[in-house]
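Peer 1: Take a look at this one; I'll ask things after.
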Amino acid sequence: MDAITINSLFLVGAVLVAASILLSSFSSRLGIPILVIFLAIGMLAGTDGLGGIAFDNYPAAYLVSNLALAVILLDGGMRTRASSFRVALWPALSLATFGVIITAGLTGLVAAWLFNLDIIQGLLIGAIIGSTDAAAVFSLLGGKGLNERVSATLEIESGSNDPMAVFLTVTLIAMIAAGETSLSWMFLVHLIQQFGLGIIIGLLGGGLLLLLINRMELANGLYPLLAVSGGILVFALATALNGSGILAVYLCGLLLGNRPIRNRAGILQTFDGLAWLSQIGMFLVLGLLLNPSDLLPIAIPALLLSLWMILFARPLSVFIGLLPFRSFNLRERVFISWVGLRGAVPVILAVFPMMAGLPNANLFFNVAFFVVLVSLLLQGTTLSFAARKAKLVVPPTLAPVSRIGLDIDMNNQWEQFIYQLSCDKWCIGATLRDLKMPQGTRIAALFRGKDLLHPTGSTRLKEGDILCVIGQEHDLPALGKLFSQSPNIQLDERFFGDFILDADAKLQDISQIYGLNLEPTVDKQQTLGQFVLYLFGGEPVIGDQIEWDGLTWTIAEMESDRVSRVGVKIVTDKA
């Protein structure tokens, strides 16, 4: 490769990445998932597009995609709160194992019939497209404001279901290559190996990386590089030992993100940029790899297969997988069924048969790509609408304009939150002493126009003021409500109820006020929060609703595992 070729690659790569970034702003305006934008730019630059770039290097695409996935999952793991496992771990694992098997099996049987393949080849197609994609789920769920049970289940499922899909794909490829037509006991051994080694290497590697980061004295800019290189090492080691690198790197990130770690803010900020670059690079490469003209001959059967998987196989697998978990209501189950987003992972798995030289490998690849396109366009574009229809969007609290980590104490993560007060904020005109600031937070600075003011208790807030607040991550919900817009209060009332009650109130007092018909066996001395927990069962989350005794009871606030506020609304009969 000469210097001119190398420079041309730099030029083309820079133009494609810049175009992806600039055109990403159209995603929200057009209601198209941003990943589709990246994919479309890659396809336009490819052989059948305006760019005419001939790219069919499957090993290179496999390399780029796996590297990108490792970075995306490391970042996703760091941003997943361990507290979400309280409500979602076991349901997500059920979907990540039994759910994938059911989806792959049902989809594979129909694929064999539609494309006139034998059963094993059909099941291989089912295995390739059987898992949801972490990159797509993390990207499309971000900022949707879903209740914690649903969002955590979908995120943990997408981060942990790839081992099952990889295991099924690799096993079926080996069977086809060896001419086998039935399953053997090695099927179970490979499954245990994928999950077991992925978990062990991910947790051990994450623990060692955490220890190394906290022990080393480095320049601040080197900590993120150490973290990402360590995560890729964990991914590569698990994969080399025939474990799940995807699960390992996700668990590594989860451990780093939920333990005290040096320069946490700097690591997260760097990871944010790396994750975006990884998504852009991965979908550009996959778009270049695809020739849209190859999809036309299979369009009708591939569309039928996509609809079968989306409308039947995925919902059935979700309803079966969530049968033991009564905390999920019907609306949540239906929504989880709909968010079976496919993305880069099925396309990467479809490269496996190409590299193994299997017959019909091109067909497997094109079908997988077609299913991914249908999933992103159909499910991805309707995600917000489906969430609203299912009434799973919890009224958001105001997020700061920006947040900056203060690397003062590794065990006590202080941050600076920046809030800008527009005219619709209810606190405009209030004095600082009137604000009920969360305990332990401080207003460090107040900017008015170009001037830095010295805030005192008598300082009145005005439109356009910029507040710099020192606090910690757990203070964000209270600060968000403090600086929220007035319309959000009305939204809270519509969603949570006509009245919001303190959960520490005695049930006996509440029953007298609202005329509740309590059964004799109910302890009237318990608190409202304890009684609501009894009504819901399982692990409640903010936004959970239940109708009882002519009233709708909604969990409005929680502190750790404890219900702190409950919304009450009178049930009205709809004509």
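Backbone N, Cα and C define each Cβ position, glycine as well.
Okay, so Swiss-Prot annotates it like this:
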type: TRANSMEM; residues: 3-23; note: transmembrane segment
type: TRANSMEM; residues: 30-50; note: transmembrane segment
type: TRANSMEM; residues: 58-78; note: transmembrane segment
type: TRANSMEM; residues: 95-115; note: transmembrane segment
type: TRANSMEM; residues: 172-192; note: transmembrane segment
type: TRANSMEM; residues: 194-214; note: transmembrane segment
type: TRANSMEM; residues: 221-241; note: transmembrane segment
type: TRANSMEM; residues: 244-261; note: transmembrane segment
type: TRANSMEM; residues: 270-290; note: transmembrane segment
type: TRANSMEM; residues: 293-313; note: transmembrane segment
type: TRANSMEM; residues: 334-354; note: transmembrane segment
type: TRANSMEM; residues: 363-383; note: transmembrane segment
type: DOMAIN; residues: 403-485; note: domain 'RCK C-terminal'
Peer 1: With the transmembrane segment (58-78) as the reference, which stretch in 95-115, 194-214, 270-290 has the largest tally of C-beta pairs below 8 Å?
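Peer 2: The stretch with the most close Cβ contacts to the transmembrane segment (58-78) is 270-290.
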Peer 1: Which of 30-50, 95-115, 270-290, 363-383 has the most Cβ pairs closer than 8 Å to the transmembrane segment (334-354)?
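Peer 2: Counting Cβ pairs under 8 Å, the winner is 363-383.
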Peer 1: Looking at the transmembrane segment (363-383) and the transmembrane segment (221-241), are there 3+ C-beta pairs under 8 A, with each pair at least 6 apart in sequence?
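Peer 2: Answer no, regions not in contact.
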Peer 1: Give residue numbers and ranges for long-range contacts of the transmembrane segment (30-50): same chain, 6 or more residues beyond its ends, CB-CB under 8 A.
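Peer 2: Same-chain contacts beyond the ends: 12, 16, 19-20, 23-24, 135-136, 139-140, 279-280, 283-293, 343, 373, 376-377, 380-381.
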